[in-house]
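Database features (TrEMBL):
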BINDING   Ile11, Gly12, Gly13, Gly14, Asn15, Met16, Ala72, Ile73, Lys74, Pro75  NADP(+) binding site
DOMAIN    8-100  domain 'Pyrroline-5-carboxylate reductase catalytic N-terminal'
DOMAIN    163-267  domain 'Pyrroline-5-carboxylate reductase dimerisation'
Amino acid sequence: MIDPRTAIAFIGGGNMASAIIGGLLKQGLPASRITVVDTNAEARQRLSDSHGVVAHAAVGPFLRDFPIVVWAIKPQTFKDAAQSAAPFVNGALHLSVAAGISTDSLQRWLGSERIVRSMPNTPALIGKGVTGLYARAGVSAQDRAQVAHIASVMGEFVWVEQEHLLDAVTALSGSGPAYVFYLLEAMTATGVELGLTAEQAHQLAVETFLGAGALAKASQEPPEVLRQRVTSKGGTTHAAITVMEEGGLKALFDQALKAAARRSAELGAEFGKD
Ligand SMILES: NC(=O)C1=CN([C@@H]2O[C@H](COP(=O)(O)OP(=O)(O)OC[C@H]3O[C@@H](n4cnc5c(N)ncnc54)[C@H](O)[C@@H]3O)[C@@H](O)[C@H]2O)C=CC1
Ligand SMILES: O=C(O)[C@@H]1CCC=N1
């Protein structure tokens, strides 16, 4: 449960901030306990219309009233934003959702050790996300618990004990929804080519992902066994999987996820300097 007396400031009020704020409000945190800083007027308007929170155009002394600061801006803009906010947030617990930016960089810019870095994903918008979390050594058990409450409004979460593993989390689940949507696009398009209507193909494809995901979660058995159960000897699934194997689909996924993990590390190196 979120402590309704806490107060949380968001720096950046886009997709991810909106997902977390929506979840916090649903959990009973009053809108008056949340504030947002976003340099973009449309983003500010959207947030106050949809969530009834106060949105500021720039950082300022008002941030001193917020014991938790959530950083939900792009890696490219993080350093400038952190350095401008630093004088007002030195007593806070910091939670970053930015891809790549290391807690060492944040420590340098913010002058604080109380930093948790995280990697959520967009199903957080409906409370069905999964988030990887990494706490710097200066984060207390109580701070971890507060962050866990925030992460839980987005869905499930997993703590990792080494920071570099967040690159792997980013490659797998942070970017992962895009891979699923890509497969949905492909499967739906072929369903239509095979004669289904777009609505039918969409429903069949989406329900297949939801059902297979739920089955994989509920089952004691690994995905490989569940796959074999679908695959009758000489049947249709075998015909499809053979094409995937011959086309090297697993190897492509391996390369794709490793490219994402590399990019996460590169973002840190590129935008986390100095
Ligand atoms: N979209 C995704 O699937 C995921 C994104 N992330 C990370 O979350 C972070 C935010 O991503 P999104 O919410 O998707 O981006 P977004 O573009 O929707 O939101 C970023 C917001 O920050 C604002 N902004 C820019 N400079 C600012 C500044 N100096 N001070 C205050 N606000 C400023 C922008 O106006 C914008 O509203 C990124 O670092 C990204 O790596 C993490 C997990 C998943
Ligand atoms: O593509 C990106 O950089 C962000 C991080 C994970 C999902 N979106």
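Each position is counted from 1, following the chain as shown.
Just so you know, glycine gets a Cβ as well, placed from its N, Cα and C.
Quick caveat, the model's predicted, so the values are computed rather than measured.
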Pairwise Cα distance maximum in Å, NADP(+)-binding residues per record: Ile11, Gly12, Gly13, Gly14, Asn15, Met16, Ala72, Ile73, Lys74, Pro75: 14
Helix, strand and coil residues within the domain 'Pyrroline-5-carboxylate reductase dimerisation' (163-267) as assigned by DSSP: 87 helix, 0 strand, 18 coil
Binding-site residues (Ile11, Ala72), the one with most neighbouring Cβ atoms at 10 Å: Ile11
Residues that sit under 8 angstroms from Gly13 (NADP(+) binding site) by C-beta distance, when 6+ apart in the chain: Ile21, Val36, Val37, Asp38, Asn40, Ala43, Arg44, Arg46, Leu47, Ala55, Ala72
CB contacts for Lys74 (NADP(+) binding site) [other CB atoms within 10 A, all chains]: 14
Nonlocal neighbours by CB distance (under 8 Å) for Asn15 (NADP(+) binding site), same chain, sequence gap 6 or more: Thr122, Leu125
